[in-house]
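Visitor: Before I ask anything, let me first share the structure, which is written out below as structure tokens.
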């Protein structure tokens, strides 16, 4: 490793994924640095979802390499991805409506002991979990009416914020957000965008899949455009470039 | 940052949310204790109508009669929290009791008899869980409906359709005797209740069953061992049926293929009266026990008051409807409460 230039948080090279005869990803290269928001753009079926699902360990690349902070990793399962410091917020948020924020944060990775017991039989450290959850929520300025109520009764924006905060709490390097503002109103979108900027401020690498061009213009440092499984362009999302990005997405001139 | 000024409650929006929401909050608190309140109401009514009801002797009777429902209800609760259902427990009680009685006829060893009954329950539970998960059968209703039938048939076949008399002393002690007026079976129920309380509220496994019931796909993505969790609740439900068989066989000093008839429906009713959600993810041990006691108290009171035995299921049915309706109102209130808070904030 050379001094001075730190390796990117995530580097994907030659990523290829086929579903039968369909080539969903065709030799895609991608890099995201710490403290950077990368927008992943493209029309439906462009391969964005496949790409983030592979990075999250839900699908596996057929070919290509993945490096986290310069170290090659294999992402064979969602647990692998989590272990590598990658957290993903899906569109459906994958929240447990019947559980409180702390239980949602720690679902599947409960803070519990003693360690010699099988995982399921360990005693929950409930206070430690709710304290650290409250700490993360307040650090990211996610205000909730009741820390102990199930998250099912919260508003769409609050639920999105909890899912993003959960990802942020456990992602040591990369947070992937799939359409984080798609289901939200104006004010709630604003809050989630601010939250994403705070993650960037904390040095996380953030990948945002979005159709909302104005949001992309506002928060993204770089935009990668995909079409039919290929990376067709990479632009700085500035107002001057907006028209160019749109034509890359739709495949016009 | 722009948001930091917007987030704290702006001073101009009037009274803090607590004063505005006091009405629904009170109603909500009342309804949340709903099952317990209903039980108290039933007990008070029964005491007023029958002088015998509130005597230690009769209360001991109620507890003894409720022990089996209570144990099956606690296990059924675990299953229902995961969005499942176990219809096979009643038949499993019969099968386990018959196997126990036949074991006792062959080898008069108390340990063996107890192990045979528990083992039978465990076996049926394991079949349920494994068939559901590994056989990828579409719904536990179908799996356990099948094992209900199989266990029922096996019990009849093994027993030759006859009750087999005789149970070891220990089994009779557990199922049929008391310390003063307090039945041994009640102590067993209490111990199991503490255990299930620990499992559901303090252990990682407890979190998992609520997570699996709340969002099965989310649980998978969160790397929760969903299949293992599902199998475990059916195994525990089978084990509970084995314990219930010990109590039933002990009380009647026999093993009979007619034991546990429709007990699965009592257990499900108790869980539902206790406010657990059939959609999964919600329910508590305490409330399931309250539901079981409610059924026991109502039956006992109607017996004392010489109410026609045919009327009893009608009353239980109406109680189920009332309890579930209360739960629906609770849900609506909780949502309204939340909206009021959001508006006030």
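Even glycines carry a Cβ here, placed using N, Cα and C.
From TrEMBL, here are the annotated features:
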| type | residues | note |
| --- | --- | --- |
| REGION | B:1-21 | region 'Disordered' |
| TRANSMEM | B:29-50 | transmembrane segment |
| TRANSMEM | B:62-80 | transmembrane segment |
| TRANSMEM | B:87-104 | transmembrane segment |
| TRANSMEM | B:110-134 | transmembrane segment |
| TRANSMEM | B:141-161 | transmembrane segment |
| TRANSMEM | B:181-205 | transmembrane segment |
| TRANSMEM | B:226-247 | transmembrane segment |
| TRANSMEM | B:267-298 | transmembrane segment |
| TRANSMEM | B:310-333 | transmembrane segment |
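What does the local environment look like for each feature on the list?
Guide: With a cut-off of 8 Å between Cβ atoms, the residues of this chain six or more beyond the transmembrane segment (B:29-50) that come close are 273-275, 287, 290-291, 293-294, 297-298, 300-301, 304-305, 319, 322-323, 326-327, 329-330, 333.
When Cβ-Cβ distances below 8 Å are used as the criterion, the transmembrane segment (B:62-80) is approached by residues 86, 89-90, 93, 140, 178, 182-183, 185-186, 188-189, 192-193, 196, 199-200, 209, 213, 233-234, 236-237, 239-241, 243-244, 247-248, 251, 260, 263-264, 266-268, 270-271, 274, 276-278, 280, 283-285, 288-289, 291-293, 295-297, 299-300 of the same chain, each at least six residues removed from its ends.
Sequence-distant contacts of the transmembrane segment (B:141-161), counting only residues of its own chain at least 6 positions beyond either end whose CB sits under 8 Å from a CB of the stretch, comprise 85-88, 90-92, 94-95, 97-99, 101-102, 124, 127-128, 131-132, 135, 234, 255-257, 259, 264.
Same-chain residues lying 6 or more positions outside the transmembrane segment (B:181-205) and placing a CB less than 8 Å from one of its CB atoms are 56-57, 59-60, 63-64, 66-68, 70-71, 74, 77-78, 81, 173-175, 229, 232, 240, 243, 247, 250-251, 284-286, 289.
Within the chain, the transmembrane segment (B:310-333) has long-range Cβ neighbours (under 8 A, six or more residues past its boundaries) at 24, 27-28, 31-32, 34-35, 38, 269, 272-275, 277, 291, 294-295, 298-299, 302.
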Visitor: Take a look at B:87-104, B:226-247, B:267-298 and tell me which one has the most Cβ pairs under 8 Å to the transmembrane segment (B:110-134).
Guide: B:226-247
Visitor: Six or more residues beyond either end and a Cβ under 8 Å away: which residues meet both conditions relative to the transmembrane segment (B:226-247)?
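Guide: Long-range Cβ neighbours of the transmembrane segment (B:226-247): 67-68, 71-72, 74-76, 78-79, 81-82, 84, 86, 88-90, 92-97, 100, 114, 117-126, 128-130, 132-134, 140, 144, 171, 174-175, 185, 188, 192, 205, 208-209, 212, 216, 219-220, 255, 259-260, 263.
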